[in-house]
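Below is one structure, written out as structure tokens; the observations come after it.
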Amino acid sequence: MARTDTDSWDLASSVGATATMVAAARAIASTEPNALIDDPYAADLVRKVGLEFFTKLVDGDIALDGDDAAAAGLMVSMMAVRTRFFDDFFCDAAGAGIRQSVILAAGLDSRAYRLGWPAGTVVYEIDQPRVIEAKTAAMAEIGASPTAERRTVAVDLRDDWPAALRAAGFDAATPTAWIAEGLLVYLPPEAQDRLFDNITALSARGSRLATEYHPDITSTLRGRGQAMSERWRDHGFDVDLSDLWYGGDRNAADEYLAGHGWQVSTRPRPEVFAAYGRTFPDLTLTGDDNAAMRQSVAITATRS
């Protein structure tokens, strides 16, 4: 179903289901030899959501072969590197003395529970109310305890989330570490700019931001999402990923941030893979455009 300006979701539908998909990838990546990440909660969170395809995937109860196996392997590889990149970003920010962090569109992100946060750190998680409620309940049932002071902000990012964040105790005078992981493709172009404007307005000097940017969203990612959805529909996952992503001309995230008071650093995706000792996968195995996907970049920025 195509997106609307007022659509909402839980963790088993629409955009929320992609959070479950990513958690499934983290769960599998955590069990690999020489794993890049360790997310001990991902598999249990996926099971709590109850989407049969992803539950079977993390439990090893589904046999994938050919293109299906290649697509799943690609997803796991991509998510392992992406997760580690954002993990390291938070750890580096904490090492620099930042004690206030914000996870935008937190989904099933478990960093507030699994990273070794310094004493006194506050982690804010922002997402839709049903998503926040479900994850909080699931973590309690699992018996997980946050490793930082976790504060939830149950609000749609299309609403006045800065006001809700402040109401939860956020201090705009204190440097903050922000992540927008896997988020920008789910925003219309103007909403992406508005997100960065709000982050900038809330960021004291020395604040840090990490995100990722895909220059060719329309022709590459939407086609990739449609192909992946078609493969997985046969296994019972009936969400068309290509319907969830917004195309259209948009400002390059790195250039926009640089023009709004941030010192920006970018790394192409293959370079990020290499930094973690991994080889960027051959995307032609799943019908993707290698050249276009190699142009996607990981962004880190510091408020000047």
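Each Cβ is built from the backbone N, Cα and C atoms, and glycine gets one as well.
Values in this document were obtained by computation on a predicted structure and should not be read as measured data.
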Recorded S-adenosyl-L-methionine site member, picked from D127, D171, that accompanies D156, L157 in Swiss-Prot: D127
The one of D127, D156 whose CB sees the fewest other CB atoms within 10 Å, among these binding-site residues: D156
Three-state secondary structure, which DSSP defines for D127 (S-adenosyl-L-methionine binding site): strand
